[in-house]
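Trainee: The structure that follows is given in the form of structure tokens.
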Amino acid sequence: MVGEKVVIVFDFDRTLIDDDSDRWVVENMGLTHLFNQLRPTLPWNALMDDGGAAFTGKTVEHIAECLKQVPLHPQTISAIQSAHDLGCDLKVVSDANQFYIKTILKHHGLYIYFSEVITNPTSVDGEGRLRIFPYYDMTSFHGCNLCPPNLCKIQASMSEKRKSRFIYLGDERGDYCPTLKLDKGDHVMPRKGFPLWDRLLSDPNLLKADYHEWSNGEELESILL
């Protein structure tokens, strides 16, 4: 990698943080029962959109205070700081949303280390409600059959692929597509025991990048650095 730009791409839920930010908000704001009732009728992104019935009476400030309680492993924090100090370009690519990710990273003093956060966009409407939108227009499918219709992580995150070497950390099914596009000399770090790890092990011959599994913050830091 000497002389080449090194880009480190982190998934967010269950990679940068140990929990899932959507589920953290649902459970810690006492919305689990209501979400379970609404889940059969709406896609997940629509459920998390504060324009729906599930977040009635919950303000953006309530949601932000809940998100600030999300813990980050201290060695994940130090790994991010060290990688940035080494000159790596750090990005987040996630099927969470802009407000959740930005709130958590800012609270832990980490937002400044990332050049880009690629995720579902958000805004606050005239009534002060948080609105969450798909990264891609759901009516114009991006054409990748490995990814959900709202976000293909490879198309969103690797526009500079030819000029850079990539290290990709992830855990979920949506991280499978990007890892298949990595080349020899790139690195993938799947979290052990999670869906990405299972899929990569099921057919390792499809992977051209070097493979490094990890389980917790200590291993993430030591392997990454």
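A Cβ is built for glycine as well, from the same backbone N, Cα and C atoms used for every other residue.
Below are the features I grabbed from TrEMBL:
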type	residues	note
BINDING	D11, D13, D171	Mg(2+) binding site
ACT_SITE	D11	active site, nucleophile
ACT_SITE	D13	active site, proton donor
BINDING	D22, D95	substrate binding site
Trainee: For the binding-site residues D11, D13, D22, D95, which one has its C-beta crowded by the most other C-beta atoms within 10 angstroms?
Mentor: D11
Trainee: Can you name every residue in this chain, apart from D11, D13, D171, with its Cβ inside 8 Å of the center of the Cβ atoms of the recorded Mg(2+) site?
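Mentor: Surrounding the site, in chain order, are F12, R14, T15, L16, S94, G170, E172, D175, R191, F194.
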Trainee: My understanding is the cutoff is Cβ-Cβ under 8 Å with a sequence separation of 6 or more in the same chain; which residues meet that for D171 (Mg(2+) binding site)?
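Mentor: Residues satisfying the criterion: D11, D13, R14, T15, P190, R191, F194, P195, L196, W197.
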